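To keep things clear, I will list the structure first and then write my remarks on it.
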């Protein structure tokens, strides 16, 4: 035996490198831990952090200790067996020359004990690493574990196994998490033992299963028996039938295959445990192999039987045999998406509107004439004021203005230091000086000035409020949608507040947000952020505060990562003049039996509930969660984190006034309902009444109609609703429309209005075609296009109003490059009449027959009567037209010549009548 074992080359540098890595990750983890704890504490949710961290820590310790205990138990048992049966090292897969001599110096004469002693350190390190990952794996299931121990029943049972839905949402994921951990552990132990036997003495496992390998194999087969048994419930998520969920073949064949396989695993496990006790020959390796062969055979036989039943029994009689399962799918899908309480009613069409009907109507007075994109472009070009300000989005809300409920567009002016140019783009400017945005821009959805631009009732910097019904007391925005970086306030440098002429105004933060930069906090924050300037900057003092996670989506996701939030947060102004964000938070699951899955923001689920409204103060950064719908998943989280969620009754009245139903959720529900409104299995099977979301022409493209907001008399009450029309699939006529209320106490109440099938109601794309076919409108559009203007066709709004349907489309003009869109015309279609006028009122009056003289081509009446007046007006408009042509104002020329033509036609008609 060679006793001159070579020293491993470079051992000390490797050890030092390993220590450095451990220190790096250790310090990094510790600093993030401390910073997160401080951050949660700064917003009043330290208990949330403690509960989550404690649960993760407990699970990690359990996972780590169990794994390392099993590994060392198995290793010690292996050492006893191998030392008692093997004197020399006898591996199966290598020659002696291939053994790495720098780590294990072995020869054919090397004793087994020597080899075991030589790899002792490597074994300990390997087991520690394996156990570390095992602990982390189990720790990642913290949410599943907490939900299981705080579960609440759904009160509905699945139709196949008769279990409460909570069993599938809470219990099954927990059982699978535990089983997967244990199964992974014992499979790993079994493989490591087999590897060890093959390494030391492969002959010991060539024919018989060693005693210490028998125990983990027994656990593997027992755990597989339980896991496969639980897999029988997976037929409730089958995708092989006519609908999502278990079908006829699943219930009659496929659910029994896991039972048989489970019994085989159970029998194999019992055999492994018992046979060596009653047989002197021990346990043959043929036992586990036989079990695997039987399982493969059963799977093939079961699959073949299922195929035969499907082909020769189900397919020829599919609608009859699958009918109950289609019913299950329809019923449970509607429950999972909150569609069971939808009210359906017929919407009669009479077309008897008069000008008196539209006079002072809240619905007509709040028809949206400003679309999202043209208005956002206008806000950006007219109200960003400086390059370092920006508007991310505009959202609709409602306020009482001048005694009337009024729809408005609103957008927040956020700070964007990334737009600072050249030498101004510094760390100090980004993190210490340009810390906040300021103010909002608010414009009614239908008000237009004489230049075709929106009338803003809140605008400029500092905010100017042009109504006594709204006030801004705290316009500064420290927390927003574009605040993706940390800032430091209360430093020796004042913060930039806003520009005023050639000067800048400065301010100091007086809010409650931020982590105080004490010596300890500064240390951990600098490590977590990798920012040494927290120490080197002379502007930072002990009174300074560092604001983290200022992006509102990231902020709520940090506190409640188990909630899915909508993609469009909306801002509102409270009665006391503060600015807030509001987000809708949803509880979701992909374990709801029979419910059709869908996808949103990269997450796949088949259950969603509009459970929470999160309100964020733009100045202090505080987050308050209100329960809008107490579903079982949220009930479980409310037990886990009782300090987070407040009842909706605790929401201030001025906050309730700005509740919004999530458009993302509404889109999901409409997407599901267009199929699942069919309640009869046969109709559903044949897709006889499948609906589609209609299309419209927007600018030069054809796009899907998006949900829009309307102030609407719904069931006798004026309601702020989100609505969307439907058309039959592959047809363009409108068949129904869906509306959801957004005000308490009826928040979330959905009504579907269906049109009589005996009457054809135009859909949006048909109205677009009718507009395109109108000669006068077509001429004007062509003329504007030829004059160098870009014609922007706005969203076509379908407005149900007093047993009639109005179709309203704004028309904008903009220069080809860089121009602000101007609202130039409003197109209205009603009862086969179309009009394009400068204002909505004029267009409505025209299609409703307000004037008395009928002009050709379905053009409405003139406002002039009498031949002399007609002649005077003809001359007047002709002169205006010629002047416009001289000044190359083709738009005015076209409009005035159109008026001249109408007047001449009417003059001719009156002459002929006389």
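Cβ coordinates are placed from backbone N, Cα and C, and glycine is handled just like the others.
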- Message: Between the candidate ranges 212-235, 332-355, where does TrEMBL place the transmembrane segment annotation?
- Response: 212-235
- Query: When TrEMBL marks a stretch as transmembrane segment, which of 155-177, 178-200, 362-384 is it?
  - Reply: 178-200
- Task: Residue list, the transmembrane segment (123-149) vs rest of chain: Cβ under 8 Å, 6 or more residues beyond ends.
- Result: 52, 55-57, 59-68, 71-72, 75, 169-171, 173-174, 177, 181, 184-185, 188, 562, 633, 636-637, 640
- Message: I need to check the long-range neighbours of the transmembrane segment (255-277): which residues 6 or more away from its ends have a CB within less than 8 Å of a CB in the stretch?
- Response: 160, 209, 211, 214, 217-222, 224-226, 228-229, 231-232, 235, 246, 283, 287-288, 290-291, 294-295, 298-299, 302
